[in-house]
């Protein structure tokens, strides 16, 4: 009987010694530790995915300067387009810098400085007659280089005029030399021409236009078109019929 009791007690102690240890004392690499590491890695990966999705949904706002530079850089012109240019006008100018206010003694067809299209200057002289002192213009006019964004083409349609172009990684502006009446008056009676006999003629000064070939936008492509610009201030005379 005593031997049986001793045997049962020894078996009970052996069972207690062979019981599994707690998770707090589990060594690295055990199944319990692997489950914990996999769970933490999954949570970290999920956090990274959430952060990336948030950045994609809410991109960082661009600066206004970057947007302006990007819009200017989008209008890229092929240099071959200028080789096909015909009917060049002295009133159309492409330049990286503002042109002089007056053309002076030269009529510039295409302004090229050291950093321009062909690195040369093509100009022609204008022959100005010698004016005597005391001679006056019939109508006073004013001329200046201007930048146009829209204009009327030869078909009467309003077209978009290219203000800036990107050529060989440089930005050029398109200028137009316009001439118009200095003091335009919609009432012909109050804008009589100088030196016209008002007893025989009704006269008034008005601005006239002509067509020049300019670079315009047609859809997403640049193309040459004839557009109207102001080019002169002339005198219009009408014979009075009351005297006849």
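Any Cβ shown, glycine's included, is placed from N, Cα and C.
Positions annotated as signal peptide by Swiss-Prot, on the basis of sequence analysis: 1-18.
Look at Swiss-Prot and you will find 47-69 tagged as region 'Disordered'.
Swiss-Prot lists 47-66 with the feature compositional bias 'Basic and acidic residues'.
The disulfide bond annotation in Swiss-Prot covers 139-205 (among others). Other C-beta atoms found within 10 angstroms of the C-beta of residue 139 (disulfide bond) number 23, with every protein chain shown included. DSSP assigns residue 139 (disulfide bond) to coil, not to a helix or a strand.
Annotated disulfide bond per Swiss-Prot: 181-233 (among others), in sequence order. Residue 181 (disulfide bond) counts 20 other C-beta atoms within 10 Å of its own C-beta, drawing on all protein chains shown.
What Swiss-Prot records for 193-235 (among others) is disulfide bond, and it gives similarity to another entry as the kind of evidence. Annotation note: residue 235 (disulfide bond) sits in a strand segment as assigned by DSSP. Non-local contacts of residue 235 (disulfide bond) by the CB criterion (under 8 A, 6+ apart in sequence, same chain) comprise 138, 139, 193, 196, 203, 204, 205.
For residue 193 (disulfide bond), the count of additional Cβ atoms within 10 Å of its Cβ stands at 19 [all protein chains shown].
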